[in-house]
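A.B. asks: The domain 'Xylose isomerase-like TIM barrel' feature in TrEMBL is assigned to 18-280. Marked as Zn(2+) 1 binding site by TrEMBL: H67, H107, E143. Feature annotation from TrEMBL assigns Zn(2+) 2 binding site to E143, D176, H216, E261. If you look up TrEMBL, you'll see H179, D229, H231 marked as Zn(2+) 3 binding site.
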Amino acid sequence: MPRIGAHVSAAGGAHKAVERAHAIGADCVQVFSGSPRGWKRKPIDQVDAAAVFAAQQATGINPVVTHALYLTNLASENPEQVQKTIDAIVYDLEFDALLGGSGVVVHLGSHQGRGWETVRDQTADAMAQILERAPRNGTFLMENSAGQQGKLSSNLEELRWLLDRLQAPNLGWCFDTCHAHAAGLYMGDPADAGARRSAITEIDRLQLWDTLKVIHVNDSRDPFDSGRDRHANLGEGQIPAEDLRCFLRRPELQKLPFILEVPGFAGEGPDAENIRRLRELAEG
């Protein structure tokens, strides 16, 4: 049985995020370690892990997943941005490990028109530096992208290449349903894919099930293969419910955290109704 959860605000501390997740009926939670749009973070020794553990004990929320900030770009032409990205992801790996989390979900960045083949070595080298500095129990999770504006990893073959290149036990990946839909990956029964690329077939072919650690479950405001990353509440977007249901009920996924990153029906982020809808899709 998967763990059903959501990305919620950590204002006031990560322990508050645990409490907020519990209040909407979640089993697990995803947080930012600070502002997703700024590089500044509090010293790692000021993170109150004990308060998080106490909140988890009181609520049963487990695991905690961390999402890296939005400014990351390991493929940037700007060396300063690459170094800031490396340092920020290392911090998040330390933060997540301190909380006993399941990993840090990372947007790898954009090739900015230069193409994957041009930036892949740079990206891998930067990731190797991060993994070398990461705590032993820190797991780096690459997220598939929608592909807009040269974003890396809309093609799952890029994730396979990085996994093969780095050969790191603490490297895995996260599958986002909105991003997959936007990138032209069909999530329904492979027999019904027709000319579309099947997500299930691709993951099978590339042998990616074992390294898949987190699922982001989001509907999409935009059509299939649009390249646009705009999340919608479950049932309000353009991903057919039967396709989501087919993918989410795969046996390979049944022990993973399923995390909502949706606007919410009141516009305040994931809510109890989205949790309820996700449970219906995932569990019946």
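Each Cβ is built from the backbone N, Cα and C atoms, and glycine gets one as well.
Map these features onto the structure and tell me what's around them.
C.D. replies: When pLDDT is averaged over the domain 'Xylose isomerase-like TIM barrel' (18-280), the result is 98.
DSSP assigns H107 (Zn(2+) 1 binding site) to coil, not to a helix or a strand.
Counting Cβ atoms from all protein chains shown, D176 (Zn(2+) 2 binding site) has 25 others lying within 10 Å of its own Cβ.
Of all the Cβ atoms in the protein chains shown, 27 others lie within 10 Å of the Cβ of H179 (Zn(2+) 3 binding site).
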A.B. asks: Ten-angstrom check, please: count other Cβ atoms within 10 Å of the Cβ of H231 (Zn(2+) 3 binding site), all chains counted.
C.D. replies: 21
A.B. asks: Which residues, sitting 6 or more apart from E143 (Zn(2+) 1 binding site) on the same chain, put a CB under 8 Å from its CB?
C.D. replies: V105, V106, H107, L108, S153, W173, C174, F175, D176, H179, H216
A.B. asks: If one measures from the C-alpha of H231 (Zn(2+) 3 binding site) to the C-alpha of E261 (Zn(2+) 2 binding site), what distance in angstrom results, rounded to a whole number?
C.D. replies: 7
A.B. asks: For the recorded Zn(2+) 1 site, enumerate neighbouring residues of the same chain (Cβ within 8 Å of the Cβ centroid of H67, H107, E143, site residues themselves excluded), in sequence order.
C.D. replies: A68, T72, V105, V106, L141, C174, D176
